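This report concerns only the one structure given below.
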Amino acid sequence: MASSNLIKQLQERGLIAQVTDEEALAERLAQGPIALYCGFDPTADSLHLGHLVPLLCLKRFQLSGHKPVALVGGATGLIGDPSFKATERKLNTSETVGEWVEKIRRQVSPFLDFDCGKNSAIAANNYDWFGNMNVLDFLRDIGKHFSVNQMISKEAVKQRLNRDDVGISFTEFSYNLLQGYDFASLNKQHDVELQIGGSDQWGNITSGIDLTRRMNQKQVYGLTVPLITKSDGTKFGKTEGGAIWLDASKTSPYKFYQFWINTADADVYRFLKFFTFMSLENIDALEEEDKNSGKAPRAQYVLAEDVTRMVHGEAGLEAARRITQSLFSGALQDMTQDDFAQLAQDGMPIIELENSADLQQALVSAELVPSRGQARTMISSNAVTINGEKQANPEYIFSASDRLFDRYTLLRRGKKHYCLICWKA
């Protein structure tokens, strides 16, 4: 992605929501590499899919020769960003936030290159400059540059200010000053000239631009990526089970892969532009191929494989593929113990049973049927499989050979209704 027309290429991919002084930024990028940053607050012990677009945007800039700074908010995470939030955030302990900072730092690292010469990435933590700052310095050196009149007019906090039942605390109200100072501090330390973030960060970004101009007498820029929505208007990155996390212990690679496989046709080519590094020409060619093939589209598989590989590595992708293929074919011999652990984590409904359980009881406990009578009917009609093998004996009692890895049994009714039995020790 050539640096000289990077802004234009990001726009063509639909990756720019707002940008300050677009013409001046494009000119600055044409002059040579810049340093830019994106902040990630530790509001949980993992990033989620909503963080992926700005994180990949950092990577796009680095691939074009620019120097990315990944800022983890060890200080701002203690305060909480009120932007477009209906209620006050719960304040977490400094110990908890410190642990989350390290987890998120490790999570961000594989996406960027920290050893590639002049544009090697930098990892930063804003606790480094806020941790020892006293309140008088904060008010005198930072607070004096902020107009309360302007702060209360920002869209990000307006809804809270207009509500009598919730309001906004001074703690959260001060967040805007903290993030603004991040920009000024990074500009001074690393000559950072651009901040990128989600579209909900526009107010915080413009505050940082103004503060940097006042404190450092430097012109800097801001760019936001759009809030990703699905074509049906629902939130992207959420399932009935909650958020899709980047941490494999919170969302398994299998579930992560399946999330992308289930992308709607109306969204998939747009998501390829947002979440992969495929060229626009190749995405357009894939869309044309899918339209004319008369078969199920390939795009979802391309998307799922690219993003799963990027987040979980080749081993994570292979496991997700292996589980998917095994469940589709009913042949479980290729599945590993770790694969079954992924299914038990979040891949399908699970139940725990005693070793003496029979098949009828298992079907009822798994809520695959409402009653033992219905279970008998289903079993007798060859609609039930155990570990991929049909079982037609309604009086069947599980044996040791049914317990894969001495722990798991996969139960299926019909073609799509699964349950994983985890046998009690």
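Cβ atoms here come from the backbone N, Cα and C positions, even for glycine.
Which of 65-69, 105-109, 200-204, 235-239 counts as motif ''KMSKS' region' depends on Swiss-Prot, and there it is 235-239. Range 42-51 is the one annotated as motif ''HIGH' region', of 42-51, 292-301 (source: Swiss-Prot).
Sequence-distant contacts of the motif ''HIGH' region' (42-51), counting only residues of its own chain at least 6 positions beyond either end whose CB sits under 8 Å from a CB of the stretch, comprise 72-74, 77, 80, 89, 92, 97, 99-101, 103-104, 107-108, 198, 228, 236-237, 243-247, 250. Along the motif ''HIGH' region' (42-51), the predicted structure has mean pLDDT 95. Pairwise Cα distances among Y37, Y175, Q179, which the record gives as the binders of L-tyrosine, peak at 18 Å. Taking the binding-site residues Y37, Y175, Q179, K238 in turn, the residue surrounded by the fewest other Cβ atoms inside 10 Å of its Cβ turns out to be K238. Here the CA atom of Y175 (L-tyrosine binding site) lies 26 Å from the CA atom of K238 (ATP binding site). When DSSP labels each residue, the domain 'S4 RNA-binding' (357-414) comes out as 19 helix, 14 strand, 25 coil, counted as helix, strand and coil in that order.
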